[in-house]
Amino acid sequence: MHEMSIALAVVDQVEEAARSHGATGVRTVRLRIGELAGVVPDALAFSFGLACTGTVVEGAELVTETVPGRARCASCDDEWAVGMPPRLICPVCDRATAELVSGRELLIAAVEWHDDPADPRVREPISQEG
Amino acid sequence: MCRVVDLQQAVLAKNDATAEVLRKELAARGTAVVNVLSSPGSGKTALLEGELLLARERGVTAAALTADLATENDAVRLARSGLPVKQVLTDGLCHLEADMLAGHLHGWLAEDTRLVFVENVGNLVCPASYDLGEALRVVLASVTEGEDKPLKYPTAFGLAHLVIVTKTDIAEAVGFDEAAFRANVEQVNPGVDVVLTSARTGAGTGVLLDRALAAAEGTAVHMPVMAQARA
Ligand SMILES: Nc1nc2c(ncn2[C@@H]2O[C@H](COP(=O)(O)OP(=O)(O)OP(=O)(O)O)[C@@H](O)[C@H]2O)c(=O)[nH]1
Ligand SMILES: [Mg+2]
Ligand SMILES: [Zn+2]
Ligand SMILES: [Zn+2]
């Protein structure tokens, strides 16, 4: 089960980001997982709970958004939902000229955290702040 | 105080970056890694035994690395070719990652090695997500596994540069429907080649070696639709 490896990579990156922003706790981690990423969200959620133990990420809620697989045909410009199992041959012209538009994402989209008001870094403006 | 920071970071960014560095380093000296994926028991070791023997006969400098959760059996089998072989025990991990491979190749691989065959852990799910810096990714399915394997493991088959059917000597006995298998492969990976092999009869032996050598020489490999977009 490689979801544990994926979870560790997520925790690692969130920890790094949290540290560089002077955060003292993480409330939510938002992931975007494509249908074709080869990752099972439930297994990942389970592993995530274990992976964040003892880190600044401990106790954070994991929110995953599934990104549907979509493809576009370079010949006829048709765009379709590939489904599962995916159909990557164009349903209109039956040609093998597809490009994948989405579905392979495995991204940490956003992180929500608590700041330590005593940390001077917190007062610096953060450009990506949402 | 609480804030939201938009990260948009790829989870596997580190692995992908390590893989890319390894691929470039090896390509610069004319070396290609062949990443071999399949379910447990599909015949990875048997196929590689044939390819390594042939490589030895033809004087191709090749090496092999085989990853398993336990036992050195596969390395013992592959080492009979007389070529350098290394067994990697993954310590419970169900797949290889790029930094593991880079670590194992470092200081072990002879400078003039053209091909490194990597037998990944027998598993069609986890290894599919990890780029190892390979020039050629091969996915195997034996005739006993059912024609719908490509649909059940679309990420593995969808990212293959080459698909190899193994154990064709028993295809008839198990009623393997080649046309159905090919159609299923085509659905998830349009345009990829499907090669039929048997380690028993020797049918198809050498196809993988030729493709691997071509890749080492810089010949472009098939580009799977699924490999085109990677956020
Ligand atoms: N009939 C037949 N049997 C084969 C062939 N290739 C492999 N086998 C048998 O299939 C079994 C598994 O083969 P291996 O080569 O060990 O398979 P593997 O994929 O390396 O297995 P793991 O490393 O354990 O995942 C063995 O009993 C082999 O003898 C073949 O071409 N024909
Ligand atoms: Mg084996
Ligand atoms: Zn796994
Ligand atoms: Zn079309």
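A Cβ is built for glycine as well, from the same backbone N, Cα and C atoms used for every other residue.
Pulled from TrEMBL, these are the features on record:
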- A:HIS2: Ni(2+) binding site (BINDING)
- A:CYS73, A:CYS76, A:CYS90, A:CYS93: Zn(2+) binding site (BINDING)
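Structural mapping of features recorded in TrEMBL.
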{"residue": "A:HIS2", "record": "Ni(2+) binding site", "Cβ contacts under 8 Å, 6 or more apart": "A:VAL39"}
{"residue": "A:CYS73", "record": "Zn(2+) binding site", "Cβ contacts under 8 Å, 6 or more apart": "A:GLU79, A:CYS90, A:VAL92, A:CYS93, A:ARG95, A:THR97, A:ALA98, A:GLU99"}
{"residue": "A:CYS76", "record": "Zn(2+) binding site", "Cβ contacts under 8 Å, 6 or more apart": "A:CYS90, A:VAL92, A:CYS93, A:ARG95"}
Sites among the binding-site residues A:HIS2, A:CYS73, A:CYS76 close to chain B [C-beta, under 8 Å]: A:HIS2
Neighbour tally for A:CYS90 (Zn(2+) binding site), based on other Cβ positions within 10 Å of its Cβ: 22
For A:CYS90 (Zn(2+) binding site): DSSP state (helix, strand, coil): coil
Contacting binding-site residues for ligand 3, chosen from A:HIS2, A:CYS73, A:CYS90, A:CYS93 when the Cβ sits under 6 angstroms of any of its atoms: A:HIS2
Neighbour count (Cβ, 10 Å) for A:CYS93 (Zn(2+) binding site): 12
Environment of A:CYS73, A:CYS76, A:CYS90, A:CYS93, the listed Zn(2+) site - residues of the same chain whose CB lies within 8 A of the CB centroid: A:ALA74, A:SER75, A:ASP77, A:ASP78, A:PRO91, A:VAL92, A:ASP94, A:ARG95, A:THR97, A:ALA98
Conformational class of the residue listed as 'Ni(2+) binding site' under the three-state DSSP mapping: coil
